Amino acid sequence: MKRKKITIVGAGNVGATCAHWAAAKELGDIVLIDVAEGIPQGKALDLMEAAPVEGYDSVIIGTNDYADTADSDVVVITAGVARKPGMSRDDLLNINAGIVRKVTEEIVKYSPNAYLLIVTNPVDVSAYIAYKASGFSANRVFGLSGVLDSARFRTFIARELNVSFEDVISFVLGGHGDDMVPMVRYTYVGGIPVEKLIPTDRLEAMVERARKGGAEIVNYLKTGSAYYAPSASVMQMAECILKDKKRILPVSAFLQGEYGESDVFSGVPAIIGGDGVEKIIELDLDDEEMAALRKSINSVRNNISKLG
């Protein structure tokens, strides 16, 4: 039986950590590709030399040649410029748009049947670019958004209540930016609505912290951005495809009438399985929640309109 093949584009902190998660989860063989000579090769060799210690059997190679990525099942695109203190995800728009377009064209040439998972910020716009550049069906291109944003929100709730992280379930909708919409009404702790456990003012503070979660880490690091949680989140998405897990996850998916929106990517709950985004789930939103989602999606549309 042939192993699955995962290509990770970009050998920076996010990409290399994605490769580590993929190997640790035994998701398949891994290709780490980057324009910088020596970086993907060195990191791939380092990761493979950890295999005897960690007990995985993934073959990991580093390369600068897209021919080595041929016939990939899943491609994770992390390539791009990282945020610096004071920058928003949207500030990266024009720089990263060209990178994502070029990478996508190379990937399609060698892996026409792959699923594309987009991490490059601003994620929702990058996913739109990759979708248009690839010519793939909408189910095969989606971005990291709500899995990461929800993980941050869940972390803050679990720490507030001193309970297991696993017992907190939540969704974050909308674009992966400052207008994201943490869904307090759909947040549960061990099956109990979170609003029954945490006062409103504390919840509002956690919502705001989740929105600024990436910037908080950027401000600490000074010269980089988050990578452990983003890479863990996107590899959870990859695992759902490769193992046909059919989990309901909030991802940046292409909307075709759902939530009254079309021709735009936004974070929404979806069933993720062997066929990628198999179904987008439409939550029953009240007027305030829908208005917040519309505002978030309009921010994504505004950025798309700025593309050259």
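The backbone N, Cα and C atoms fix where each Cβ goes, and this holds for glycine too.
Worth saying up front: this structure is predicted, and the values here are computed from it rather than measured.
The NAD(+) binding site feature in Swiss-Prot is assigned to G10, A11, G12, N13, V14, G15, D34, N96, V119, T120, N121; the stated evidence is sequence analysis. Taking the Cβ of V119 (NAD(+) binding site) as centre and 10 Å as the limit, one finds 29 other Cβ atoms among all the protein chains shown.
In the three-state DSSP scheme, N121 (NAD(+) binding site) falls into the coil class. According to Swiss-Prot, the substrate binding site annotation covers R83, R89, N121, R152, on the basis of sequence analysis.
What Swiss-Prot records for H176 is active site, proton acceptor, and it gives sequence analysis as the kind of evidence. For H176 (active site, proton acceptor), the number of other Cβ atoms no farther than 10 Å from its own Cβ, over all displayed protein chains, is 29.
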Smallest Cα-Cα separation from H176 (active site, proton acceptor) among the binding-site residues G10, G12, V14, V119, R152 is shown by V119
Nearest of the binding-site residues to R152 (substrate binding site) by CA-CA distance, picking from G12, D34, V119? V119
Among G10, A11, G12, N13, V14, G15, D34, N96, V119, T120, N121, listed as contacts of NAD(+), what is the widest Cα spread in Å, to the nearest whole number? 17
Non-local Cβ contacts of V14 (NAD(+) binding site) (under 8 Å, 6 or more apart, same chain)? T78, V119, Y227, P230, S231
Under DSSP, is G12 (NAD(+) binding site) helix, strand or coil? coil
Taking only same-chain residues 6+ apart in sequence, whose CB is under 8 Å from that of D34 (NAD(+) binding site), what do you get? V9, G10, A11, G12, G15, P40, G62, N64, A79
